[in-house]
Each structure stands twice: as structure tokens, then as C-alpha cells.
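As recorded in TrEMBL, the features of this protein are as follows:
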- B:20-237: domain 'MacB-like periplasmic core' (DOMAIN)
- B:21-43: transmembrane segment (TRANSMEM)
- B:284-305: transmembrane segment (TRANSMEM)
- B:289-404: domain 'ABC3 transporter permease C-terminal' (DOMAIN)
- B:339-360: transmembrane segment (TRANSMEM)
- B:380-401: transmembrane segment (TRANSMEM)
- B:422-446: transmembrane segment (TRANSMEM)
- B:433-596: domain 'MacB-like periplasmic core' (DOMAIN)
- B:671-696: transmembrane segment (TRANSMEM)
- B:675-787: domain 'ABC3 transporter permease C-terminal' (DOMAIN)
- B:723-743: transmembrane segment (TRANSMEM)
- B:755-780: transmembrane segment (TRANSMEM)
Amino acid sequence: MLSLQHISKYYQVGGNKNFVINDISLDIDEGEFVSIMGPSGSGKSTLLNIIGMLDEPTDGFHYFVDQAVHQLKEKQRSALYKQYIGFVFQAYHLIDELTVYENIETPLIYQDVKGSERKAMVADMLDRFQIVGKKDLFPAQLSGGQQQLVGIARALIAKPKLLLADEPTGNLNSKQGEEIMELFRKLNKEDGVTIIQVTHSEKNAEYGTRIINLLDGRVESSRTL
Amino acid sequence: MLKNHFKIALRNLWRHRVFSFINITGLSVGITACFFIFMYVTFELSYDKFHTKADRIYRVVTDIKTPSETINTDVTSWAFAPNLKTDFPEIEAFTRVSGGSFLVRKGNVKFQEERTLFADSTFFKVFDFKLLKGNLKTALTAQASIVFTKTAAKKYFGDADPVGQTVLITGDAIPALVTGVMQDVPENSQIKADMIISMVTLTQRFNKGIEEQWGNYGATSYLLLKPGVSAKNLQSKFPAFMEKRNGERSRKSQMFATLLLEPLKDVYLHSKRGGQEVGSISNVYIFSIVAVFILVIACINFINLTTARSVERAKEVGIRKVVGALKGELASQFIGESVILCLIAFVVTIILSVLLLPLFNQLSGKIVSPGIFSNISNVLILFGISVSIGFLAGIYPAMVLSSFKPVMVLKGRFSTGTKGNLLRKSLVVAQFSISIALIIGTIIVYNQMDFMRNRDLGFSKDQMVVINTNSDAGKDAFQQSVKSIPGVKSVAMSSAVPGGGNSGAYSEIENKKGDLQIANLDLYFVDFDYLNQFKIKMVAGRPFSKDFMTTDTSQAMILNEEAVKLFGYSSPQQAIGRRFKQWGREGKIVGVMKDFHFRSLQEKIKPLSMRVELRALDLVSIKVDAKNLPATLAAIESKWKEVIPNRPFSYYFLDEFFDRQYRAEQRFGKLFFNFAILAIAISCLGLLGLASYSTYQRTREIGIRKVLGASTPGIVNMLSADFMKLVGISFLIATPVAWYFMHKWLQDFAYRIDIQWWVFAVSGILAMIVALGTISFQAIKAAIANPVKSLRSE
């Protein structure tokens, strides 16, 4: 599904290159559930952002569904991204001014989905996550776990092939965290969504099919479960 | 997508009510001010343009060269226009207009009509004043024909048809036939009239032979040129015409007239020669600039507040980008929001405009617009202005917001950056520069007004009641009877009082070399009490006196110091006993009076002559006791009704009458003052928003500082100092600019103040105080907050 070849990301500080990602090569197949682990500052999030096209590497080649991402223009990249990728954040990142319903609907708006169709898709999603009763609430009126559910619902609404999650349970208590992880596993198994998550928790990492450990911007180990 | 954007825009506005309020208030007030100025400027520019033939109509004006000076007048003699028409086939028609004040009576209804015009029968052909009743072509052909405006007709005839009825005009009760009713003269006509009398009434009856007097100036002449005729070309043929028709007379009288053509459309705003109503193109410019300034200030506010708040919107931008929004989509969302805000401001502006229009009309002294909706294109323009402001002011914030990198903002590693700060700061500096410049301008305008009001004019104008007898036969009897009233201190009669018009006379005065020098001298006819009552001082010779009754009533003249200078004398004494010839009288100069301001302070004091000519004294000036003024006035009125029952009684106070000359300046000052207040208010709104935002942003810093031991005053100082620096910079920018423009403005006044340094100091300090007041509230609030709270929230 995606392939990173000799990807590096560094900042020029004085005369030195300060590497965040240092020559990482990585292939991920469709249907995988990858957990990226590592201590703070090891480049986990940056790597995830590069995969998600939110960030650009300084060097290297990036292929996604057989397209050379490093050669694409912003508009094409955005189109590719819209079609295939969903993002979940540790801090949920819902739009405070929009209701649950509207938050979930937003990606569809940017994909020019028709109004009636959007309605059906959002209703379906609300139903699936059992948050129909909360659809008119604003994010501030929800608990953390509920907000993250909305965040995931939003990420999934456009039926992405790849779900990227940056410490999705980081702000949640252990029970809420478990629920989210179960949900991920189900998505991966039943719907065939490829998932890449960044996590600090060994336990959460175990939900995946592969664990990649990063240290100082390099892949230290990779183990398939 | 639009619906979504609209929704989020409204929710955002509501969530940040204070910001929205500041933003919308600032914008609406700014747009309202601009709208008013726009209406004012278009109104000023619209003068006389409603005449369909306006492009072909020209006013004939005259430069009269005498041996001592060149007089630029806005009038011609009655002879010019008819002769021009005879000689030049290029002229399709001419119409002469001359104003007067007439007693008009119909039964018991009587008024002294001040806005009466004599006009040639072609008046309605040349101009587009609509005749509602009567025949356009013949209305003004016969002697003693009179056309009323609709309003004037109502005054005399009520709802009855006036055409065919008779009114009595002048004190001699000459019957005049009403031949028409015309539409009221539009507000934006430089020619103003309530009634029009046929010109032949003047030229054939009141003043027979006036059309042969080439040197008798007083008629305003308008020419309608045939289509395609070049005015410049025509004008170049005038010198030959004048030579042929009037060359000999000119040489004899030493007065050479040059005829010039002024396009009708330029008369009101561009002519420096005056007219019935005079506008000022520089005021039009000044107000246009002020309007642009205010608009810029309002837009700057908007941009500043929006970009300052961008940090809060950054997260939203990041998320939207993550879920697939393109930069362009986001930019259009933010521009859309700004347009929505402006549309709200537009609605508020409409409400404000409707409420404030009467006040504005009053302030500008004329009906600039009868109602906002009376001219729908105005509203459309307003709408256009609002939407364009929304676009223009929205572009920059939209660019900034939509270019945020999602990774950066979502991680919270985000700062507005020093670049944005610099921009915001320069915008604040721009705002305050404009505001301070306007404050300086206002103070200087007011200083000049004050100076003009308080300057010693060289004569006494207090407690002086002036009554115009309009040459009524009973005037002397009235003057005598007034003297006996207890509250009356003294009474004098004259042909003119300071601040009003007076004649200019063709005069020959013996100069230092002993020749009779020709000059056009301003002339006052006075009685023996006049100089004394007006406290006009003598510097040489003697005042008029009844002891020299025979000499003084026919052979004596008093000059002012300017006149003495004109004829080459180095001291007033030298002029005493010199010969004069003026308007058929000959005699000697008996005295020299000190210069006094008989015109407004815009004009230099001109050479003036005074003579006693007892039959020509129309104005009765009565010095009254300040005590019991109402009783005294009532007594004067009853005397009037006794002696001159045919005329309505009216009077004015000389001081008010004199100050009336500054009405335009006062109005200008008031308008300027109001707009300056507006500008500073809008600037402060912006500053308030920005200050509250920047303190909000620095909450954490303030918390840390407090934990480290900073005192509350120390923090208030720190927060205020930044803004004070900006105000300081603005002051440095505003001062020279304001000085330059106000210096130029003052050049219009012959007698003017020097611009004092304290004006700048006061303006600067004022701006500082206002800005400090605005900021300190926020600063104090932030400084006294508990640091634990602000740090925990991080």
C-alpha cells in the first residue's frame, strides 16, 4: 500500500543537520495494523505525519498506492489524501464551533458529496458508533472518550483505506482506551482498514499486527506479531 | 459547503461576541461616516448639473483693471450680455440675473423677500427650472411679471391658483402680475430664488437706461452657447468686442474690463469670484481624504482583530486541512466570513444612517439628502462599499489563516510570529497617525475660529441692533422715534454695516504727487453719529460733524489707512485736505480713520471711503442697553409699526450678523471635529480589541513574571509601554503631516493664527491618554489575575 525509501527529515541548526527522521525505509501492505513505538523525540509523530502527507520529508522517496508522493503537487497530494487517508489525534481536534453531526460531516463537504448522500452517510456513522443521541451536542459537552469516538467517526466517514492515529488513547482513561483499541481491531479485521498508530503503551501496541520501534529517527526494530 | 461556512461564521461571531461587537461597531461607524461624506461630496459635485444644457452654459465674469488694482468680479454690467448676443452668432441665448430684496404684499400677507431675482425672459430657456403653471416663453416678458416658487406661492395664496393674480411689490406698492409658478429651486442649485421678477421691470422701469451704462456692474450674465461652440475660442474674441463697443469710455474712465467665461458647472466649486452660493473644492477634497482615512482605520481594525484572533482559528484551519480542505477553500471561507460581518455592518449602517441623517443635514447646513432611500443608487453603492470592504479587509487574514501548516498548529507549536506582529503594529501606528493628525487639525481649526471671533475688529459690534428700512420713506421718522426709547443708547444710520455688502465706487483721489488717481474704493454712506457709535477711531483730521453741516454733507470724505497707503501717503496727516471726486461729488478729505475689519478676516482690509449722504442711509443701527433687551426690542417694534406699517419688522444683531460670515468655517470645523472624534473612537476600539488580545496571549508570560516576583504596577507598565511606543511613533509621523496641511488651510485666511507648538503637544498627550485609558483596563485585569490559574491552564 505504501512504501518509504530512504526518508530523512532534518533541520539545519548552525552547520549541523539535526535529524528527526534518519534514512528510514518502510513498506506497509494493505490490511496491516502497525503500531509505531519509541521514546519521546524518536520521530514517531513526524513519521506518521509524513505518511499522512501533513509533513514533507527533506529527502527520500514516498510511494502511496503506486503514486510517487514526493513528485506530486499540493493539489494532487490533497486529492490523494482526501480519498485514502483518515486521521485521528490524541487531542481529538474537533472543531469547537461545530456539532457532533457537523464535525463528522465536514470531510464529506470537502469531497463535494451531495447533501442527501451526506445525511445518509453521517446518520449511518452515528448509528454505528451509537452516538445518535449526541449528534446536536458541541464537543465541549462531551467526555474525552466520546470526543475521540467522534474523531474516529470523522476519520472514517469518507471510507479511507488507511487510518492514521497519533496516540489516540493518550488523553483517555484505560477503560475508554480499551474501547477505542477494540474498535480499531474490529475496523482492521472486519472492514479491512489499514491502520498505523503511534503509541506509548505496550498494551495498545499489542492490538496491532506489527510493532515498529523507533529510536533517534531510525528504525530500531520491527516485529510482526 | 456554503451553508456550513455560513453556520460556522455565525457561531464564531456569537461565540466571540465582544470581538464581533467591536468589529461590527467599528466597521458600521466607519462606513456610516464614509457614506455621509460620500453623499456630501456627491452633493457638492452635483451643483448645477441638473440643467440639461449645463455643458453649454457659461457665466460671464469680469476682471476690471483700474490704475491701482485689478478687481475680479463675478458680475457684469447690464450692457454686456445683450450686446454680446448681437455681435456673436455663436451665442444661442443669454439671461441676466440680479438679486434683490423686496417687500411683497398680498392683502395682509407681507414679507420682505430676500431671495428675489430679476431675470430675463430667457431664464427658463437657458436653465431647467421647471414651470408648473404658466407659459415658459412669456412668463417673464412683460414688465412687472412675477413667478413664484411653489413654496412661496403657498405662503401668499394658500391653495388658490396664483396665476393671473396681482401682488404689490416694493414700498411703492407696484402691482405685479403673477405669470407662473415654478418648482422650488433644487438644493443643489447655485442660483437660489423664491420668486423671479421680469428683468424688463428693472431695465425699463426701476432703473431705466441701466443697459447703456457699461460701467455699472451688478448683473450676473449667463450665456447659452450653440452646440459645438468652443468657449475658449469665443472668449478670445471678447477683447476686440470690448474695444469696439466700449473702448473710448474705458480709456476715459481708466477702467478696463476683460470678459471671461466660466463653465456653469465650475461656478459653485471652482470659481474664486463668489456668487449666490459658494462651495469649496478644497473642502470636498479634505472630506474625501477624511472619508478614506476613516475607512482605512476601520479596515485596519478589522484586519488587526481578525489576524490577531487567528491563533484561535488556527486549530480549526489545521483540522479542516487534515480532513481535506484546500487552501483556496479555506481562504474563501474566511473571506466569506468577513463579507458576512460586513453585511451585518451594512445593516447596522443603514439603521445608523437613517437615524443620523437629519443630524447630518443640520450639521452640514443643507439638505444633502432628504432620505437614505430617496436615492436607491446610494444604498446600492453603500452595499457595494460594504461588500468590497469585506473582500479587501478579509483577504489578508484569509491568506494568513489558510496558509497555516496543520502539523504545526495541531501540535500547538504555533506562534503568530514576529512578522504578523510587525504588520499589526504598523497598522496601529497608521491608525493613530491619522487620528492624531485629525486631532491636531481640529484644534487648529477651532483656534482659528476662536481667533476670528475674538480679534479686535476695530469697531464695536456688541449690543447693536440693525434694521433695514429698505429705503422706506419713513426711515428718518423711525430713526427719530427710536431715540426716545429708554433702553436705546444711541442711533446711527448708514448705507452699510461691517459684515454686509457695500458699494464700490469709481473714485478719483489726489495722490501724493498731486494727480487725481483713479481707483475703485469701497464706500460707506454714514450719518454724523456713525463713527462715534461704532467706536471707529480717527488717526488724523476730524470725524464728520454737524458743526460743518454744509461741507460734510456734500464735500467731505474720510478714508481709512489702507486707502491713504494706496494713494502713496506715508502718514495719514499728509492726506488731509486733498481733493476727491466720487459719484458726482467733489471735495476734500477731512479725516483718516483707523483701519477696521468691515469684511471677514479671510480678507485683507481694503481701502475704504466714507461720506455723509443723508438720503442714501437705509440701515438703522441701534446701540441698546443689555438690560431689559426684550422690552427695548418690543418698543422698537412698536415704533416701527407706527411709522412704517406697510413693512414687516425684522432686525438682526450686528455681532451675529458679522459672525455669519464664518458659518461655512464653523460648519467645516464642526464636521471636522465630529469626524476626528469618530476616527479616534474607531482607532480606540481597535486598540481595545488588540490590547485585550495581546494580554490574553501573554497570560502565561504574565503568570511566570508574577511568580518570579513582578508587581502589579510593573506588569501594567510593561503591557502599556508597548502600545505607548506605537502611539509615540504615530505622533512623530502625524505632526509634520498635520502641520503641512493645516498650514496650507490657514493660507485662506488673511488674518490667521500661528500654529503653536502646544497644539501638537496637547494632541499627542490627548492621544496617549485615550490610548492608555483603553489599554489599562485590560492590562490591569491581566496583572491582578492569579498566576496559578493562568499557568495551570497551559
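Note: Cβ is positioned from N, Cα and C throughout, glycine not excepted.
Stretch with the most C-beta contacts under 8 angstroms to the transmembrane segment (B:723-743), considering only B:284-305, B:422-446, B:755-780: B:422-446.
Of the recorded ranges B:21-43, B:284-305, B:671-696, B:755-780, the transmembrane segment (B:339-360) has the largest number of C-beta contacts under 8 angstroms with B:21-43. Comparison of B:20-237, B:289-404, B:675-787 by number of C-beta pairs under 8 angstroms to the domain 'MacB-like periplasmic core' (B:433-596) places B:675-787 first.
Across the domain 'ABC3 transporter permease C-terminal' (B:289-404), DSSP helix (H, G, I), strand (E, B) and coil residues number 101 helix, 0 strand, 15 coil. Residues 19, 22-23, 26-27, 29-31, 33-34, 37-38, 40-41, 44-45, 269, 338, 341, 389, 392-393, 396-397, 424, 427-428, 430-431, 434-435, 438, 671-672, 675, 678-679, 682-683, 685-686, 689-690, 693, 745 of the same chain lie 6 or more positions beyond the ends of the transmembrane segment (B:284-305) yet place their CB under 8 Å from a CB of it. The domain 'ABC3 transporter permease C-terminal' (B:675-787): residue composition by secondary structure is 96 helix, 0 strand, 17 coil, according to DSSP. Averaged across the domain 'ABC3 transporter permease C-terminal' (B:289-404), pLDDT in this predicted model comes to 84.
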